[in-house]
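*Asks:* Can you read through this structure? Questions will come right after.
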Amino acid sequence: MASSGDSSGKQRSDEEWRAVLSPEQFRILRLKGTELPGTGEYNKFYGDGVYNCAGCGTPLYKSTTKFDSGCGWPAFFEGLPGAINRTPDPDGRRVEITCAACGGHLGHVFKGEGFKTPTDERHCVNSVSIKFTPAS
């Protein structure tokens, strides 16, 4: 599977991705895998800063949009403007979210679940797909 993304120089071949990502990062970011619930580094982490794409470093989420949904994965109620693409799964049951810059698989977004957030959305994100940068 060829990587997708824009023309900002963040597109790479699978061989290039394998050289810069861990096997688990490649499985999730490039092959659209999912980490086991409750196992991710950022599931219960609430530091002040920004979450970036683990593949290309693009900022994706502010820490102020992270909340505890109890789903077993990091949850955010919105991404940074233009940072995340949404693609309905072929079965129409879920909407996949990917990094707009490199096409890396982040997880899925769910709407209308009743969470008391400004958007009533839950971006259910694999910890392996993101990297936290603390506020300075």
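Cβ from N, Cα, C; glycine included.
What Swiss-Prot shows for this protein is this:
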ACT_SITE  Cys124  active site, nucleophile
BINDING   Cys53, Cys56, Cys99, Cys102  Zn(2+) binding site
DISULFID  Cys71-Cys124  disulfide bond
DOMAIN    14-135  domain 'MsrB'
*Asks:* Which one is closest to Cys124 (active site, nucleophile) in space, judged by CA to CA distance, out of the recorded positions Cys53, Cys56, Cys71, Cys99, Cys102?
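*Replies:* So, spelling it out, the nearest of the recorded positions is Cys71.
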*Asks:* About how far apart, in whole Å, are the alpha carbons (Cα) of Cys56 (Zn(2+) binding site) and Cys71 (disulfide bond)?
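*Replies:* Counting only the Cα atoms, the answer is 26 Å.
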*Asks:* Measuring Cα to Cα, how far is Cys53 (Zn(2+) binding site) from Cys71 (disulfide bond) in Å?
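*Replies:* Spelling it out, the Cα of Cys53 (Zn(2+) binding site) and the Cα of Cys71 (disulfide bond) are 21 Å apart.
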*Asks:* Per DSSP, what is the residue count of the domain 'MsrB' (14-135) in each of helix, strand and coil?
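*Replies:* Going by DSSP assignments, the domain 'MsrB' (14-135) contains 21 helix, 40 strand, 61 coil.
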*Asks:* Out of these binding-site residues, Cys99, Cys102, which one has the fewest other C-beta atoms within 10 Å of its own C-beta?
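*Replies:* Taking Cys99, Cys102 as the binding-site residues, the minimal 10 Å Cβ count falls on Cys102.
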*Asks:* Which one of the recorded positions (Cys53, Cys56, Cys71, Cys124) has its C-beta surrounded by the most other C-beta atoms within 10 angstroms?
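*Replies:* When each Cβ's neighbours within 10 Å are tallied, Cys53 leads.
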*Asks:* For the domain 'MsrB' (14-135), what is the mean per-residue pLDDT, to the nearest integer?
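*Replies:* Value for the domain 'MsrB' (14-135), mean pLDDT as a whole number: 97.
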*Asks:* Whole-number Å distance between the CA of Cys71 (disulfide bond) and the CA of Cys99 (Zn(2+) binding site)?
*Replies:* 21
